[in-house]
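The heme b b562 binding site annotation in Swiss-Prot covers HIS83, HIS182. Annotation comment: Swiss-Prot describes HIS97, HIS196 as heme b b566 binding site, evidence class similarity to another entry. The ubiquinone binding site annotation in Swiss-Prot covers HIS201 and is backed by similarity to another entry. The feature transmembrane segment is assigned by Swiss-Prot to 33-53, 77-98, 113-133, 178-198, 226-246, 288-308, 320-340, 347-367.
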Amino acid sequence: MTNIRKTHPLMKIVNNAFIDLPTPPNISLWWNFGSLLGICLILQILTGLFLAMHYSSDTTTAFSSVTHICRDVNYGWIIRYMHANGASMFFICLFMHVGRGLYYGSYTFLETWNIGVVLLFATMATAFMGYVLPWGQMSFWGATVITNLLSAIPYIGTNLVEWIWGGFSVDKATLTRFFAFHFILPFIITATAMVHLLFLHEMGSNNPTGIPSDMDKIPFHPYYTIKDILGAMLLILTLILLVLFTPDLLGDPDNYTPANPLSTPPHIKPEWYFLFAYAILRSIPNKLGGVLALVLSILILAIVPLLHTSKQRSMMFRPISQCLFWTLVADLLALTWIGGQPVEYPYIIIGQLASIMYFFIILVLMPVAGTIENNLLKW
């Protein structure tokens, strides 16, 4: 008798995706982050659901409703901090996942890669709107500054901003709609992630060498399920340590002050995972130029496949490209640091140099390095 998991219409889908899936035998720990992102997403939806049961999306009660969750709701504090720090873990996994794709040339799977870029944008939008909900000082001013950037769009900019605000400033209408979008987007992300997975399984996983492994595949279960469980345990351990020992480590103290439209915080800055993009935005003195650079800093990922000049897929055997890749990582860390610093000398010039380096490495140096490596190997 055939196993039910291979015949039942629903079980068959699960079986083909997580049990009998043919997988390369040599994929490393860098391939764990996809499943970790799935775990993060489920965790965020669950904790978010319980927070939404107690949250009030009104400007007069939003801040106190979050305080109420932390003080009066059973284990509300742990749910709130799991959600806040879960977002940080989510972005750590996202950056690692994207970095893996860049290093090992996974971007040659065009559909999977482009859906991944859409997922990254959707996750960033969700995180931004979630940051506004506690209605602290940084929530309010972050929302004001970032939504205001749209006013740089010629002709329709001002109308667009007021349309998003639902008025002439960030107010009750803005908070309510941000809550609505923050609630619905994770479900859209879940559906998109399934499409991401569907396209991935159409072609099969890449592996560290970048060489097709079709003739040498192993089943996903038990080999990679056990590996994913190890990754999940490490992720949850890290998250629990963060939540129980230093829950406010990655947050901003200004967000413990209720939103006040009459008092601007000395330094307006987003959460740490947006600082690199914020630094790129600030490094350009022109408003529209800054907004374009901000969007392009993420959208550049979509054109990475067009810039691939090497005849090898992975960077595993390409030392020049490896050096450039790790320079890019260091540059992103520098941008993250600069994004959190005040706008004054020497931070301005460092930010401008780091921003130029970011685009120069991706658009110029990496394609050139690929061509040089081809010539060195006489290909």
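From the backbone N, Cα and C atoms, a Cβ is placed for every residue, glycine too.
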Residues outside the transmembrane segment (77-98) whose C-beta sits under 8 Å from one of its C-beta atoms, at least 6 past its ends, are 30, 33-34, 36-37, 40-41, 43-44, 47-48, 50-51, 66, 69-71, 116, 120, 123, 127, 130, 235, 238-239, 242-243, 247, 250-251, 271-273, 301
Helix, strand or coil: which one is HIS83 (heme b b562 binding site) in, per DSSP?
helix
Measuring Cα to Cα, how far is HIS201 (ubiquinone binding site) from HIS97 (heme b b566 binding site) in Å?
17
Write out the long-range same-chain contacts of HIS196 (heme b b566 binding site), meaning residues 6 or more apart in sequence whose Cβ is under 8 Å from its Cβ.
THR112, ILE115, GLY116, LEU119
Output, ordered by sequence, the same-chain residues six or more apart from HIS83 (heme b b562 binding site) with a CB under 8 Å from its CB, or 'none'.
GLN44, THR47, GLY48, LEU51
Cβ-Cβ distance under 8 Å to HIS182 (heme b b562 binding site), same chain, at least six residues away
GLY48, THR126, MET129, GLY130, LEU133
Long-range CB partners for the transmembrane segment (288-308) (under 8 A, at least six residues beyond its ends), listed in sequence order, are 98, 102, 105, 107-108, 110, 113-114, 117, 120-121, 124, 149-150, 152-154, 276-278, 280-282, 355, 358-359, 362-363, 366-367, 370
Of HIS97, HIS201 (the binding-site residues), the residue whose Cβ has the fewest other Cβ atoms within 10 Å
HIS201
